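The annotation Zn(2+) binding site is assigned in TrEMBL to Cys7, Cys10, Cys22, Cys26. Sequence annotations record features per position, and here TrEMBL assigns region 'Disordered' to 40-60. For 44-60, the entry in TrEMBL reads compositional bias 'Basic and acidic residues'.
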Amino acid sequence: MSTIKTCPICKKARSEEFYPFCSDRCRDRDLSQWFGDGYSVPGRRADPEEIAREGWEDEK
């Protein structure tokens, strides 16, 4: 018995062209979630100043 994998955004059948999504629209909606606050990676929030300092010690 084979199960059809669905698009994680709209639950329609996936398309090979836009895998793992069904369309360009769903792929763009997912990307928008990453750019906004829709998705997050667990852990503490990154401090922009700390990120900017990383690696500078090695370049002296």
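Cβ coordinates are placed from backbone N, Cα and C, and glycine is handled just like the others.
Annotations in TrEMBL come from automatic prediction, not curation.
Known features from TrEMBL, placed on the structure.
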{"residue": "Cys7", "record": "Zn(2+) binding site", "CB count, 10 Å": "20"}
{"residue": "Cys10", "record": "Zn(2+) binding site", "CB count, 10 Å": "12"}
{"residue": "Cys22", "record": "Zn(2+) binding site", "CB count, 10 Å": "20"}
{"residue": "Cys26", "record": "Zn(2+) binding site", "CB count, 10 Å": "20"}
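When secondary structure is read from DSSP and collapsed to three states, Cys10 (Zn(2+) binding site) falls in the coil class.
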